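Engineer: What follows is a structure written as structure tokens; I'll ask about it next.
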Amino acid sequence: MIDCRYYQQNECRSCQWLEIPYSQQLAEKQHHLKQQLISINCDKAQWLAPFQSNEQCFRNKAKMLVSGSVERPILGILKNPNDPQSAIDLCDCPLYPARFSIIFSILKDFIGRAGLVPYNIAKQKGELKYILLTESIATGKLMLRFVLRTENKLPLIRRELPKLLEKLPHLEVVSVNLQPLHAAILEGEQEIFLTEQQFLPENFNSIPLFIRPQGFFQTNPKVAEGLYATAQQWVSELPIYNLWDLFCGVGGFGLHCAKALQEKWGKPIKLTGIEISSSAILAASHSAKILGLEHVNFQSLDAASVIENKNENKPDLVIVNPPRRGIGKELSEFLNQIQPHFILYSSCNAMTMGKDLQHLTCYKPLKIQLFDMFPQTSHYEVLVLLERKKIN
């Protein structure tokens, strides 16, 4: 069991399974996964052992609500959103890398020097709402984002930034995000970069990836790297020359698979990636360029748009990595119609995935593996390789 004083003192209960031995956590998650797939014929599928995570220090990102005063800021959570006195400082949270606590101390000093008055939710006054800190495991470089209510403090931030960069030489990307609304929203639409660099380089399995401020990126890099490597391994021996990566994010799945397939078959592989986030598409396109993948087309679109494009060449493989709601009945039926030979389904919600697999009536599961992306909680990711059923 992790030694966490916040949990022991009942200050933070985000890690709801902290008292459950890790081996039991994995067993319960595996049982839950099998229950979600009970209506699917998995008799001939290969069930691989769960991919384990480190139990602590596994997160690469900290999302810290800022409260307290400008002289004594508190970085962490509010147990009661309407009560500033309920603030809990989580700078020593054992889920973060050890050096984050030192960085937080430096950032508290910066908050005072720049006069960033913490936003008071009850009074609807103040400026600084959140601090978001992300680390690249490949380089050790950092991305720092200040979520502010207005632009009023930008001149002071710019004035103090050179001193902060001296204290934190690994700080590669710094930005201000404007979120003017009095609402439980983490970030707004406008991002103001304060450094020349606008993305944080990462590298999984020799695939360059780029973390952008408003793009989604997994928070458990060790398990994410294992997830991508497994996907790459599963498809690398299959006869695939044209693949779609739907909900592609920064391109992790598609780039891993396309690179392995191109090396395997010695010919260009066609990759089409679809993602609604334009910043993620920029990152994915940059990665493809570095890898020298020529027949790649990443587009900033809703994944459902592929249903309307009847002229697109039909793929051999479709990768889907949807949000928690799953891919839904309409997209499932579309995949049944175009019948790619294989579907690779990555899910963060086994319940909706189970429903989607019921709709994918033309497919049978070949391989299934759980990835423990979120230890100390009931959440997990799962990867399933599906093959088109043979017509008798």
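Counting starts with 1 at the first residue shown.
Cβ atoms here come from the backbone N, Cα and C positions, even for glycine.
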Engineer: Besides Gln218, Glu275, Asn321, which of Phe193, Phe247, Phe342 does Swiss-Prot list for that S-adenosyl-L-methionine site?
Structural biologist: Phe247
Engineer: Could you list the residues of the same chain, at least six apart in sequence, whose Cβ is under 8 A from the Cβ of Phe247 (S-adenosyl-L-methionine binding site)?
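Structural biologist: Expected: Ile274, Glu275, Ala303, Val320, Asn321, Pro322, Pro323.
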Engineer: Measuring CA to CA, name the entry from the recorded positions Cys12, Cys15, Cys93, Cys348 that ends up nearest Gln218 (S-adenosyl-L-methionine binding site).
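Structural biologist: Minimum Cα distance from Gln218 (S-adenosyl-L-methionine binding site) across Cys12, Cys15, Cys93, Cys348 lands on Cys348.
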Engineer: So, three-state DSSP: helix, strand or coil for Glu275 (S-adenosyl-L-methionine binding site)?
Structural biologist: strand
Engineer: Among the recorded positions Cys12, Cys15, Cys93, Cys348, which residue has the largest number of other Cβ atoms within 10 Å of its own Cβ?
Structural biologist: Cys93
Engineer: Between the Cα atoms of Cys93 ([4Fe-4S] cluster binding site) and Cys348 (active site, nucleophile), what distance do you get, rounded to the nearest Å?
Structural biologist: 24
